[in-house]
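*Asks:* My questions all concern the structure below.
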């Protein structure tokens with residue numbers, strides 16, 4: 001496959017306060033060190049690097065009920081939303097390098113300011129749809145979708161730090177792929193709101209080809225619209241991405257991860273991308289960190305056109321040498 005070069009705006013979001021484990025704030029650094037931006041440029045993408053955001057460490061951040069670090073997390077997403085919106089106004093695809101998945105509140109909010117008709121494909125072992133009232137852990141990286149859904153607006157308490165958030169997607173605008181660790185309250189929300197999901201059971205039953213076909217038919221069947229892919233590396237099996245905060249056995253294979261992203265690229269509709277929850281501190285060995293980072297880079301590259309069948313430039317490779 002070859003097509004016109006894509007323009008990308010890369011935003012590093014070194015933030016960890018949506019969950020308890022240190023190290024996830026190093027995600028952008030290790031992905032940059034692995035040469036991600038250079039590889040995108042080799043693909044002839046037009047890459048603009050917006051650098052890494054800096055996040056204030058709000059010392060006076062007492063919990064809201066059991067919700068931890070609400071002001072820090074809310075402020076970080078607010079800052080990210082502004083930068084993503086800025087990137088989208090230039091017509092670039094926003095590429096957010098996390099950081100923990102609470103940042104999706106900001107990434108999707110900012111994207112929706114410019115493209116309110118967007119749809120979301122959420123690849124993850126978890127639904128991240130607990131509300132501040134259903135959460136058992138209080139970690140905000142397990143709650144971003146609840147802040148984004150219009151249908152949950154009335155069920156959400158006023159959490160300090162989140163006054164700026166306006167729900168921007170409906171239940172019918174999101175599809176989950178890779179689920180295998182869903183809390184009872186989350187399962188209730190999925191079922192009550194009729195949210196479309198493909199847990200690992202459906203992936204096993206249907207195969208990833210059918211899963212993507214059904215995903216596109218569901219989200220794009222009536223009208224082509226911008227896609228926001230929010231990719232938590234724990235959606236993949238921990239044999240491929242061990243260095244992450246909440247790994248769950250029995251996940252998507254390397255091949256399934258590539259298939260998902262290759263197919264999204266082929267639609268030509270990818271408009272925003274989050275690459276979340278790479279935590280180099282949680283690799284048991286340096287090799288586990290390298291494996292996680294290399295897998296994550298490969299998944300990201302597939303979003304921008306690297307295909308397993310190969311790629312070529314639009315020239316005649318068989319023309320006789322001059």
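Glycine is treated like the rest: Cβ placed from N, Cα and C.
What Swiss-Prot lists as Mn(2+) 1 binding site is 101, 124, 128, 232. Per Swiss-Prot, Mn(2+) 2 binding site is recorded for 124, 126, 232, 234. Sequence annotations record features per position, and here Swiss-Prot assigns substrate binding site to 126, 127, 128, 129, 130, 137, 138, 139, 183, 246, 277. The phosphoserine annotation in Swiss-Prot covers 7, 62, 217. Swiss-Prot lists 17, 75 with the feature N6-succinyllysine, giving similarity to another entry as the kind of evidence. Look at Swiss-Prot and you will find 1-27 tagged as region 'Disordered'.
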*Asks:* Determine, from DSSP, whether residue 128 (Mn(2+) 1 binding site) sits in helix, strand or coil.
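*Replies:* SS state of residue 128 (Mn(2+) 1 binding site) = coil.
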*Asks:* Where DSSP helix means H, G or I and strand means E or B, what are the helix, strand and coil counts for the region 'Disordered' (1-27)?
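*Replies:* With helix first, then strand, then coil, the region 'Disordered' (1-27) has 4 helix, 7 strand, 16 coil.
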*Asks:* When you measure from the Cβ of residue 138 (substrate binding site), how many other Cβ atoms are you left with inside 10 Å?
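*Replies:* Result for residue 138 (substrate binding site): 18 other Cβ atoms within 10 Å.
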*Asks:* Counting only residues 6+ apart in the same chain, whose Cβ is under 8 Å from the Cβ of residue 277 (substrate binding site)?
*Replies:* 24, 27, 98, 99, 100, 101, 141, 232, 233, 234, 244, 245, 246
*Asks:* Of 7, 75, 126, 217, which is closest to residue 183 (substrate binding site) if I measure between C-alpha atoms? They're all recorded positions.
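*Replies:* Checked the recorded positions 7, 75, 126, 217; minimum Cα distance to residue 183 (substrate binding site) goes to 126.
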*Asks:* Going by Cα-Cα distance, pick out whichever of the binding-site residues 124, 128, 138 is nearest to residue 62 (phosphoserine).
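*Replies:* If we rank 124, 128, 138 by Cα distance to residue 62 (phosphoserine), first place goes to 138.
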*Asks:* Which residues, given as numbers and ranges, are at least 6 beyond the ends of the region 'Disordered' (1-27) yet have a Cβ under 8 Å from it?
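*Replies:* 37, 40, 43-53, 55, 68-69, 72-73, 76, 80, 83-84, 87, 90-103, 106-107, 139-142, 144, 245-246, 265-266, 268, 275-282, 304-305, 307, 309, 311-314.
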*Asks:* Looking at substrate and its recorded binding residues 126, 127, 128, 129, 130, 137, 138, 139, 183, 246, 277, figure out the farthest C-alpha pair and report it in angstrom, whole number.
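*Replies:* The widest Cα-Cα gap among those binding residues is 19 Å.
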*Asks:* I need the nearest neighbour of residue 124 (Mn(2+) 1 binding site) among the recorded positions 75, 130, 138, 217, using C-alpha distances.
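*Replies:* Closest by Cα: 130.
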*Asks:* Do you know which of the recorded positions 7, 62, 130, 217 has the most other C-beta atoms within 10 angstroms of its C-beta?
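*Replies:* Answer by Cβ density within 10 Å: 130.
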*Asks:* For the recorded Mn(2+) 1 site formed by 101, 124, 128, 232, name the remaining residues of the chain with Cβ within 8 Å of the site's Cβ center, in chain order.
*Replies:* 104, 122, 125, 126, 127, 141, 142, 144, 230, 234, 235, 276, 277
*Asks:* List the other residues in this chain whose Cβ sits within 8 Å of the Cβ centroid of the Mn(2+) 2 site residues 124, 126, 232, 234, in sequence order.
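*Replies:* For the Mn(2+) 2 site the neighbour list reads 101, 123, 125, 128, 178, 233, 235, 246, 248, 276, 277.
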